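Engineer: Structure incoming, see below.
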Protein chains: 2
Amino acid sequence: MVTVIKIGGNIIDNPAELEQFLTDFSKIEGPKVLVHGGGKSATKMAQNIGLEPQMIEGRRITDAPMLDVVVMIYAGQINKNIVAQLQAKNNNAIGFSGADGNLIQSVKRNHPTIDYGFVGDVKQVNTNLLKTLLDNHIVPVFCAITHDKDGQLLNTNADTIASELSIALSEIEEVTLTYCFEKQGVLQDSEDDSSVITAINEELYLKLKEDKVIHSGMIPKLDNCFNSLSRGVQKIKIGHHKMLQNPDVLHTTITL
Amino acid sequence: MVTVIKIGGNIIDNPAELEQFLTDFSKIEGPKVLVHGGGKSATKMAQNIGLEPQMIEGRRITDAPMLDVVVMIYAGQINKNIVAQLQAKNNNAIGFSGADGNLIQSVKRNHPTIDYGFVGDVKQVNTNLLKTLLDNHIVPVFCAITHDKDGQLLNTNADTIASELSIALSEIEEVTLTYCFEKQGVLQDSEDDSSVITAINEELYLKLKEDKVIHSGMIPKLDNCFNSLSRGVQKIKIGHHKMLQNPDVLHTTITL
């Protein structure tokens with residue numbers, strides 16, 4: 001069984017939280033993969049050097065100077081510090097972008113109306129190399145940078161990287177994919193953090209969408225989950241990272 | 001036979017030169033390792049965000065904000081762009097800091113009078129993992145960042161990284177280490193680029209030092225070479241990277 005865990009900016013931006021998460025993550029037994037998002041430091045760095053971050057529909061437009069910044073911050077600063085911390089906790093971590101070992105090849109997004117810039121949609125995962133690494137007790141740590149195999153680095157959504165890695169790995173082993181975020185899971189009432197829906201399958205999801213219990217930002221997140229499940233991932237969990245140290249902590253488990 | 005090549009800032013800072021070098025490097029057959037220095041972009045970035053680079057005796061003093069910058073630039077921007085370009089040339093490159101896979105563990109420098117900051121002196125190389133990577137036809141690309149295995153990243157001299165990797169690999173295979181720099185090799189007359197001394201052994205080195213033909217910056221460089229040779233490296237070449245595509249280009253070969 002392979003454990004794939006994705007952490008987002010809320011953990012990355014808080015050193016104490018990150019330290020706690022990495023301690024819990026380091027104790028997970030068996031093959032595991034960590035995928036991390038970016039947090040606020042790329043935006044901060046862009047501002048520091050006078051770039052204006054551009055967003056369209058909540059997505060960052062990645063022009064060439066912004067790509068430089070996200071590569072520096074995601075693949076450099078954040079990734080290497082996480083790797084060094086995991087090494088201190090005796091996890092043999094290696095940090096990767098998708099370019100490394102051609103692990104995640106993507107295609108520059110070609111949208112009919114919006115030019116996203118240097119943004120890549122995942123095309124294929126080098127499952128053989130990933131398996132060789134896991135067999136050698138390596139803990140891969142992925143940042144959200146991929147490449148087009150033609151020399152161009154590309155910015156790619158970290159949730160997508162986590163799901164594509166999980167789908168690829170599910171061809172060879174059972175995979176549990178965990179998305180850690182600031183809430184405890186999918187909530188019945190978005191104002192009440194204790195109203196966690198602990199299990200969702202496709203049937204319930206359709207009903208919850210119809211009843212508008214699940215709405216806005218949670219819809220693409222859950223669509224992405226059901227896409228991963230239908231493509232082979234066995235189980236997906238969504239919740240706060242404290243569930244890693246204490247399995248009694250409420251969270252949402254998603255299955256087909 | 002393993003080929004280890006180190007390139008410095010003069011190549012990194014010139015995109016056309018770097019492209020040519022990577023094309024030549026990609027054609028080298030057999031197991032190979034690339035080590036790259038930093039170039040001017042770390043200094044430029046430090047100035048952009050308002051840091052004052054501090055130097056003592058030609059060495060950068062690495063305080064915490066400067067460490068952040070060199071990690072970003074060396075392990076992020078430079079390393080990942082080199083990896084993506086090598087992938088485009090069908091070399092299965094993976095970029096590494098010393099923290100990744102605990103490949104290069106170092107010790108924070110403890111100097112009696114100068115506080116170098118977050119600078120590491122190499123303590124050990126994870127030769128087993130390096131060999132596994134080479135056996136899997138991976139081309140490791142190292143930046144000049146290491147770690148102390150206690151969670152701290154450290155800035156380490158790229159020449160030293162190249163020599164320590166070569167020494168470690170020489171325990172299992174024959175190693176040729178090549179230092180590419182802006183000159184064609186060790187010169188008889190530092191003003192005349194064609195006055196290359198094509199072969200130097202220890203005896204000749206001592207004589208050339210005595211006669212002051214070799215002086216200033218070349219002395220630590222060559223001391224480092226003879227140290228590597230005495231610790232197992234079979235052959236060291238120093239010269240301009242154009243010798244990679246054309247072996248008739250003059251360069252200096254150093255042996256014991």
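Every residue, even glycine, has its Cβ placed from backbone N, Cα and C.
Straight out of TrEMBL:
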- A:Gly38, A:Gly39, A:Arg60, A:Asn155: substrate binding site (BINDING)
- A:1-239: domain 'Aspartate/glutamate/uridylate kinase' (DOMAIN)
- A:Lys6: site 'Transition state stabilizer' (SITE)
- A:Lys221: site 'Transition state stabilizer' (SITE)
Engineer: Under a three-state reduction of DSSP output, how is A:Lys6 (site 'Transition state stabilizer') classified: helix, strand, or coil?
Structural biologist: strand
Engineer: Name, in the order they occur in the sequence, the residues of the same chain whose CB lies under 8 A from the CB of A:Lys221 (site 'Transition state stabilizer') and which sit 6 or more residues away.
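Structural biologist: Listed in sequence order: A:Asp159, A:Tyr179, A:Ile238.
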Engineer: On average, what pLDDT score does this prediction assign to the domain 'Aspartate/glutamate/uridylate kinase' (A:1-239)?
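Structural biologist: Across the domain 'Aspartate/glutamate/uridylate kinase' (A:1-239), the average pLDDT comes out at 94.
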Engineer: Could you measure between A:Asn155 (substrate binding site) and A:Lys6 (site 'Transition state stabilizer') for me? Cα positions, answer in whole angstrom.
Structural biologist: 16
Engineer: May I ask for the distance between A:Gly38 (substrate binding site) and A:Lys6 (site 'Transition state stabilizer'), taken between their Cα atoms and rounded to an integer number of Å?
Structural biologist: 11
Engineer: Whole-number answer please: how many Å between the C-alpha atoms of A:Lys6 (site 'Transition state stabilizer') and A:Gly39 (substrate binding site)?
Structural biologist: 13
Engineer: Provide the number of Cβ atoms within 10 Å of the Cβ of A:Lys6 (site 'Transition state stabilizer'), excluding the reference atom itself.
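Structural biologist: A:Lys6 (site 'Transition state stabilizer'): 25 neighbouring Cβ atoms within 10 Å.
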